[in-house]
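Copied from TrEMBL, the annotated features are:
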type: DOMAIN; residues: 4-229; note: domain 'Radical SAM core'
type: BINDING; residues: ARG13, ARG62, THR95, ARG257, ILE258, ARG259; note: GTP binding site
type: BINDING; residues: CYS20, CYS24, CYS27; note: [4Fe-4S] cluster 1 binding site
type: BINDING; residues: TYR26, GLY66, SER119, MET189; note: S-adenosyl-L-methionine binding site
type: BINDING; residues: CYS252, CYS255, CYS269; note: [4Fe-4S] cluster 2 binding site
Amino acid sequence: MHDAFGRRINYVRLSVTDRCNLRCTYCMAEDMQFMPRRDLLTFDEIERLALHLVGRGVKRIRLTGGEPLVRKGIVDLVSRLTNLREHGLDEVTLTTNGTLLPELADNLAAAGIRRINVSLDTLDPARFAELTRRDEFDKVMRGIDAARSAGLAVRINTVAMRGVNDGELPALLAWCGERGFDLAMIEAMPLGDVSVDRKSTHLDLTEVRKLLQERFTLSPSIHRTGGPARYFDVAETGTRIGFITPLSDNFCSGCNRIRIAATGTVYGCLGHDQKVELREILRAEGPGTLDDALDRLLAGKPLRHDFDIDRAEPALTRHMSATGG
Ligand code: SAM
Ligand code: SF4
């Protein structure tokens, strides 16, 4: 699949639920209205859609949400998707808040997951409780240990925020290094109405890189994961740090992805409302129409997001958890 700008699309982020057991302040409001469960694609529908996409050249699928591990039967879905490797899929990965890994890590590994991203913005339990509005820090720590024991490669994702966790970013990099984890830092994006003031907490990652360079030796890495992170090798730890800079350094020219919400709405870009609806097509008709809808999506896929931290309103009312972060 190619879009109108000649970008090859071979990566799908697939949200399996918009629900979550945490309420990170930059991601959700406390009282979120979630989608009715009957509107979600069933596992059969997801599997059929994924097979179709693999037939059109998709190589990697990342499961996300909301919190993907709160969807009942998630391990079964993972097995069904990893089986698509017979049809040309390279990899199924997962982004999770880690809280359910203590019980699920082994089963996920057995179902064919090899790499996961775990989101962790702080190593301070009290700050974690404040940031996520839930007291689940210990579970995340146990979850990360369980993932390591299950043999999963872990990358930690950290949203860097001024006045919130900027003081502990070097410690986080050291902590990841001790465990052999890569770390990716992310600039918070203005998506959905939330209680935090994103402007005052906005932190340009160029600043963070300079801060880290006071303590670590960073050199540009050739490592690529097919995502927007730009990586540096960390000499002291033998691990890598990636920077995801939607606001300070646009990376849209290399975009390779589309995003499927749990209801079967497919978005061409995280920062726009351009979309097609696939659920009714999957429920009613044949693959011809699926192709038509995907072609329409590709033809209209925006060139770039236009996030602007200085705008008072969020770029979109849609929350990150609805599209699949
Ligand atoms: N619940 C899972 C988790 O937290 O990893 C998966 C979904 S979550 C939406 C995916 C990633 O998006 C997390 O790393 C989270 O920190 C990040 N995220 C959420 N809202 C964001 C925002 N407004 N800007 C930037 N990153 C955000
Ligand atoms: Fe849940 Fe992930 Fe959003 Fe946090 S970032 S509220 S864990 S979906």
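For all residues, glycine too, the Cβ spot is worked out from N, Cα and C.
Note that the structure is a prediction, hence the values are computed from the model and not measured.
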Listed binding-site residues GLY66, CYS255, ILE258; those within 10 A of CYS20 ([4Fe-4S] cluster 1 binding site), CA to CA, turn out to be GLY66
Three-class DSSP secondary structure - CYS252 ([4Fe-4S] cluster 2 binding site): helix
Counting every protein chain present, what is the number of Cβ atoms, excluding its own, within 10 Å of the Cβ of ARG62 (GTP binding site)? 24
Would you pick out, from the binding-site residues CYS20, CYS24, CYS252, ILE258, the residue whose Cβ has the largest number of other Cβ atoms within 10 Å? ILE258
The average per-residue pLDDT within the domain 'Radical SAM core' (4-229) comes out at 94
Residues lining the [4Fe-4S] cluster 2 site besides CYS252, CYS255, CYS269 (CB within 8 A of their CB center) are ARG7, ARG257, GLY268, LEU270, GLY271, LYS301, PRO302, LEU303, ARG304, HIS305
Same-chain residues at least 6 apart in sequence with Cβ under 8 Å of the Cβ of CYS269 ([4Fe-4S] cluster 2 binding site), in sequence order, are CYS252, CYS255, ARG259, LYS301, PRO302, ARG304, HIS305
Out of CYS24, TYR26, CYS27, SER119, point to the one nearest ARG62 (GTP binding site) in space (Cα versus Cα); all of them are binding-site residues in the record. SER119
Cα of CYS27 ([4Fe-4S] cluster 1 binding site) to Cα of ARG257 (GTP binding site), in Å and rounded, measures 21
Measuring Cβ to any atom of ligand 1 with a strict under-6 Å cutoff, which of the binding-site residues TYR26, CYS27, ARG62, THR95, SER119, MET189 qualify? TYR26, CYS27, THR95, SER119, MET189
Of the binding-site residues listed here (ARG13, THR95, ILE258), which is spatially closest to TYR26 (S-adenosyl-L-methionine binding site) when Cα positions are compared? THR95
Please check each of the binding-site residues CYS20, CYS24, CYS27, ARG257 and report the ones with a CB atom less than 6 Å from an atom of ligand 2, ordered along the sequence. CYS20, CYS24, CYS27
Between CYS24 ([4Fe-4S] cluster 1 binding site) and THR95 (GTP binding site): CA-CA distance (Å): 15
Could you check which of the binding-site residues CYS24, ARG257, ILE258 is the closest Cα neighbour of MET189 (S-adenosyl-L-methionine binding site)? CYS24
Rounded to a whole number, how many Å is the Cα of ARG257 (GTP binding site) away from the Cα of CYS24 ([4Fe-4S] cluster 1 binding site)? 25
